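Annotation source TrEMBL lists domain '1,3-beta-glucan synthase component FKS1-like' at 335-451. What TrEMBL lists as region 'Disordered' is 1-27. TrEMBL lists 502-518, 538-560, 572-592, 617-637, 681-702, 723-745, 751-770 with the feature transmembrane segment.
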């Protein structure tokens, strides 16, 4: 179990402690080693024994400064050892003796080495020098806080400086050396700043952090200003004596802490909590920035309404007025509301495990809020004659020690009992049992301040208590409360009591079907008067079953008889008496519906006398008997009426609802809507109708005639043992014939439920678009629609979005017509997708290769002017296309067919060609070479436009060109200057493949020949070496100035050209596959659209 409240240890002492005897120069620590070396990790602040938690910050500082000055770290550890000895002189705490021994051993080892490395002659001088350097290096350098990280470092530096001064003063006192005045002045500044720079979660609320970005939001400022309105609050006298604290940003929660004794860290946490709640509702109420100078009253009321919803219900349920009294002066209303909300959050934040008992928190808050009202109203206590003060005072941690801890101790004792008596649930209370104590007005007997001798605080271990289930409760004795409303009893009969409505329905339906099948065999026979009278006997069976149900209720609630209220006991008794009465009334009135009854009816009529038959009497009895069920059915059909009636405190309505169910605080008025109930009802009506039709025609009716025949023919001899030797009509044979059918009749409901739930669930899932993407193959086929679906679901938009059938049966989200808007949408999706893939790599679910295959470019490449899909969708497309083009023989039918059947085939080819052009044009800067490239790409683009690429060019050597280009990409990835010659040769090789093997344009060849032969016609004889320039020889920019975009482009194109195996198994990890499929599938579900961040509800 969690502790009732966790105290956060101060990082440093607020005032210096008594000075220990520090080691003098050259002094050695001598002590016999009693344990082995425990290692240095034991001195981390996380492993210090719980009784020595105060020295944890000192050891943390020692570890922090050890690298810069080992001697100062040694002195810190020595001071920690002395302080530990003062805290526990006898080493009685758990693990303290071992800790001290290990720390002493380390001090003995480090004394001489650190002494040799000391700069000054004495430890006092060394500490003062280091303190000055630390202040200058880590505090003065960070005075201008720029961001959150700088502020965190500065906060830590102030805490460390305070601990260093504590050690410094202890060392100086041990050597009788006074501390320099400059250091004392510095320490005063540190202490002042340390009070301001406190740890925080989200909001830095100290005065030094007003310029941070989050504190400049108008809604945050409005909430902060409202909380700091402390005008008119009666501060404690000890607070008035501290003028230096009057202007340090005190707010309403500080006042509540001073008056009620809450923990400092709890106050800090709930201050941020309340500000964020108010700011969230405020910005949703007033989205325009120019209307946010003041906290909106409607926002304040909304937060208050949600916060106190359960408390007000609790007060109404118990018939008590709430303690939320507001002043008549309008200017004080906002302050009073904030005080009430702050008090509730402080109670909740410090309640620990009491949060599992929400009505217990309501009880505590009810009294503390009344005390708050009394203090602010200036009420006078009738007991003391002085102004009202909190019952538990405002001492430090008073709420934790005096309110939370006693209740927690009760929980702890009950939990200990559960470990020794696991099978006896009636002998110990859990959280729900303890919380149910506060569902009754009797909880106010606990008093305020709470009486320590109250029943609630007693456990069976108390010596003066009687035995646990004893009934002799004499006046004045205090007994263990036990469970209040329910005590679990483990029994096989729970399967019948928990599903009583289903069992009763099946039994009565079976009886009716047997009667109909026996008396005609068709459902229309029920309209026959005689058959209808027989069918009416099912109400007698229903009364008998209700009697059994009442008996089971009484048995299951027997162990809670001591603690349950009188009204609940009376209900159990009346239910039993009523059920028993109907078991008598219905058979008697039924007997008088027949003129010549047979069987049991004749016997009953003979007991009461042969009077005139009165069918209407039985009908009247049935109507009266069914009246409560008819009322329950009406309330079931109209759930809004049931909510109103169950939440009502009117006596007549309370009694009426009490008969159907005991009045409980939890669960009242919690019902589904009318449409949901209609769907639920129709599901079961159709299911049971199908089940009963099949059972009647296949199970019941075929057995009726054989049963009649068996009962008419007497059997004299039996080959087996006769189980019913005195039975008539061969009852043993009839039972053996019907028993398996009856068993199947009751059990096949599960089969029908499985069939209907599968069918309805499949239709509903299709309607809600659940499981639309179940495999990675389906993900690949629908990946093109993911960006639009992502923006449609998760990106807030003011446009109306279709829902219902129209959205459910649409094949894909509606795409935006604006090209720039589509690019934005694709960029948003790429950012989220890449974050998911990166997280997979960080969790080691995928390797680097899979990561590269799954990533999507963050933004559109303007030079390519195409959308780039992740490589795992395009993997192996280019190698396949190259092979098909090489083997095409000038026919493009197969390749065209493949492109049309697989859209990613086209995407891969287009991206590869565009990237190829972009890289070549980027690397080449020579004018002659550019002219050649322009001619080549013009010819290719012309063939693409005319759709004659395969037929117009010789594609047989296209794989050779691809191989050369892959080699070029590998050199570009290395990007080394010494590879320039190879790059030039690769360009010339590719040019030769294109012009000699792929293209056959005569004009292009003549142009190249003229470029190559230009110099030879100008110069006769031997041309100088510096004038012999071949194409691309001096026209390549290499190495390239690298950038992230360039590197990603080269890597991506290399993957497209080289990955020949299919990426169907990417990623391989099953968990990564599951997460990707779930994310993609969730985008197509019919779920609420994401609101804007400013419109989102807070998580709390």
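Note that Cβ sites are derived from N, Cα and C of the backbone, with glycine treated the same way.
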Rounded mean pLDDT for the residues that make up the domain '1,3-beta-glucan synthase component FKS1-like' (335-451)
86
Secondary structure content, the domain '1,3-beta-glucan synthase component FKS1-like' (335-451) (per DSSP, counts of residues)
82 helix, 2 strand, 33 coil
Which sequence-distant residues neighbour the transmembrane segment (681-702)? Criterion: at least 6 residues beyond either end, Cβ under 8 Å.
505, 509-510, 513-514, 516-517, 521, 523, 741, 744-745, 748-749, 752-753, 756, 760
Under 8 Å between C-beta atoms and at least six residues away from its ends: which parts of the chain pack against the transmembrane segment (502-518)?
496, 525-526, 531, 534-535, 537-538, 541-542, 545-546, 549, 688, 692, 695-696, 700-701, 704, 742, 745-746, 749
